[in-house]
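Q: Okay, handing you the structure first.
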Amino acid sequence: METTDSRSHTYSAVSLATSETPSWKTTSFWQAISVVLVFACVVLTVALGAVVASMSSGTQGQQSLGSTLAPCPAGIPVEPVNEDDPGLYDDLSLAEHNAVRVYMESRETLALTPWDEAGFSDNYINSIELHVPVKSEALAFLDGGGDKPERQALVTVHAGGKTPPVVEEYVVGPLPNPARHAPYSNPARRSPIPWTSRAIDAKEYALIFPIIENATAAVHDILKESYGYTYHNCSGHCLVDIDTVPKGYRSGQRRSWVLFHRGGVGGVTYFVGFMIQITHESVDPSEWHVSRVYYNKQYFDSVEQLITGYADGSVEKDTPHADIQDDEILYPTFVRRGKPQPASPSRGPTLTEPGGRRYAVRGRHVEFMGWSFDWRLTTSQSMQLYDVRMNGERIAYELSSQEATSFYSGYNPGMLNNLFVDSYWDVGRSFELVRGIDCPKTATFFNTLQQRSTKEPRLMQNAVCVFELNAGIPLRRHFDSDFAGGFNFYGGMADHVLVLRHINTVYNYDYVYDYIFHQNGVIEVRVGLTGFILTSQDKNSYGYPLYGGNIGNIHQHAFNYKVDLDILGAQNRFETVDIVLENITDPQRPDLRHIQTRIQRNLRRTEREAAVQYDFNRPKYYNFYNEEETNRFAVNRGYRVQLNGIAKTLLPRQDWAPMRGVAWQDYQLAVTRRKESEPSSSSIYNQNDLYEPLVDFQTFIDDDENIVDEDLVAWVTLSTHHIPHSEDFPTTATAGTQMQFFLRPFNYYDEDPSVGSSNAVLITPGERSGSVRVERFGTPTGPACVSEQSPFRYNGTWRGPH
């Protein structure tokens, strides 16, 4: 067979010609063959020796191979953030953080005490971050003609020195030289922010720890006898405490259950059956106290009551777990064990960029194969993308993570009160990513600054990465058979995508957030779960028995996103393209009936009509389109939202008060008219007041406003139920736990925009029998090269100012 490459590579098979007297019957032929065979043996012997020597040299052989290949080109250079002229959505620089702090602490009317000098009952700054500009002002600037919006910061103050104490928020500007501040007010939410709704910080923990220490010291002997682990004088068998949320059973309360688990690697997978509840809602910390105690499925009104009952035998003791086995210590760790995979250690495939970096990075602005966007990482809401465009046309003004929750079930107070709303736990505070594991070695990494509950911002090294990836599946392909043993053509294209990644660890769980850009105009938004599960000494109706006699409690994860689509302008419509049945007379056979599906376009006119609770009996597409813009076929140009990771929330909001604070969980998709007063579906203050939340998402829908030819926002919820099992040890794996939704062009283009890619391949039969022609559209096939290897460095800790 002859293969002809469009880049002038030609590969020919040896052609054999025959004559009337076959050459293999002649003496001279066999003499020639003998010489050739002897020569071949000599060559093979030399080659075999070289291979053996290479294999025996191990690493030396690998280095020798690498040294024969040229390094790959660097590609498009990465430009750092220009702090003298930051982008519209760039997070605050260190200088801006410090300027805002100095300005605010110098305002006598605010009476702020510096963080490192402040006490719980003082007024102090709790957090500082970027205040995003109003959309209309941003668009006026981005689309030309308007001034660049003033750069501002949003400052949260814990005003414990006021009567009554309150949480305050201020907008401060202009940056980098702030000269004024004003209270941040939002008519759509509760005001003022209740003191009991505040996020717990180091000042409050400093007052709670002595209460924990006193209580655990009193029951030291009980803990040692029952669990073999203690809080004091533990000699390597130490208990670690964590507190539950929400902090109370109704609005205005501040009561925390404190749980205890084994210390050390994976200790979070083994909680003991002892817990205490601390009441700390009073403005006077001297009144804080232990209000309830739980031990071995029994409740007590005080620590003293437990001690007395334990001594006189009226308390049922919890003793089976006192002896710690060696395999139990190893079980939740990352130490390699079991059957080796592979049999002999070897390196797996790695990513190479033979053409160098093909995406552009300028500060927080990224461009790739027609795509462009800006991103930022907020402390409470994680990743936010702005001004997302394809081939210069804005697809979405904002695409951002809003909230993540995990609601547990169980019998003990720890699980009954584990209703996590993760914005409260700083989901944007990403720790250092590991090159080659968390992100490919070829990735570009970004540092971020986060300031909450600290005097100065923390530098989070390598907190975000971006990289190009071969997704391992064709983006599109087709083999066209001639049905005679040959083919007419083969066409295909690898799915080379750009991935923007952030991984957040919320104590035990790790959430992998990905924003993936495909070359056919599709955006994939994905989240994957990994990390340790939470366990308890609980009833089997809430989970399966696991390590150490505990169970893994059932829980549900949910993730909410804001998708502000702007399809060829901000005024859009939302329709469902319903797939319905029809029962018709068969036009071929009038005596027969024919049942089939057809489409039915259904324009949604109000917000209540656009609140989706998915019904599998009524499948549909969710399409956002511009009424004034059509493609060449006179069809409205649009983008559809495709949901690939949904689960029904069974918890009833009408009958169970905490669900009011996460009302968005009820809807797989909700579409509302965009308002500056509805910037987010949730709030960090919802965590401790789920009952009367600061942000009640249901109100976004209940005003039932018109959504025809309006600026629309899609609120998307991904969700999954998790029943832990033995394979969740040592940690839950991302395989099988990934959820995603897609933004897909829906008659937006006249054809697949990836047809413009030079990375496609077209193979057709050649002119000669058995030959083929390979069209690569100008893409080179070589030579091979070695990507530059950055030295492995990992610190794993956040740092102070850089």
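In case you wondered, yes, glycine gets a Cβ from its N, Cα and C as well.
From TrEMBL, for reference:
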TRANSMEM  29-53  transmembrane segment
DOMAIN    98-178  domain 'Copper amine oxidase N2-terminal'
REGION    336-355  region 'Disordered'
DOMAIN    350-754  domain 'Copper amine oxidase catalytic'
ACT_SITE  ASP422  active site, proton acceptor
ACT_SITE  TYR509  active site, schiff-base intermediate with substrate
MOD_RES   TYR509  2',4',5'-topaquinone
Q: Among the active-site residues ASP422, TYR509, which residue has the largest number of other Cβ atoms within 10 Å of its own Cβ?
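A: Of the active-site residues ASP422, TYR509, the most buried by Cβ count within 10 Å is ASP422.
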Q: Where DSSP helix means H, G or I and strand means E or B, what are the helix, strand and coil counts for the region 'Disordered' (336-355)?
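A: DSSP classes over the region 'Disordered' (336-355) add up to 0 helix, 0 strand, 20 coil.
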Q: Provide the three-state DSSP residue tally for the domain 'Copper amine oxidase N2-terminal' (98-178): helix first, then strand, then coil.
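A: Computed counts for the domain 'Copper amine oxidase N2-terminal' (98-178) are 22 helix, 25 strand, 34 coil.
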Q: Measuring Cα to Cα, how many Å separate the residue listed as 'active site, proton acceptor' from TYR509 (active site, schiff-base intermediate with substrate)?
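A: Their Cα atoms are separated by 11 Å.
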Q: If you average the pLDDT over the domain 'Copper amine oxidase catalytic' (350-754), what number do you get?
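A: Summing pLDDT over the domain 'Copper amine oxidase catalytic' (350-754) and dividing by its length gives 96.
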Q: Helix, strand or coil for ASP422 (active site, proton acceptor)? Use DSSP.
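A: Once the DSSP labels are grouped into three classes, ASP422 (active site, proton acceptor) ends up as helix.
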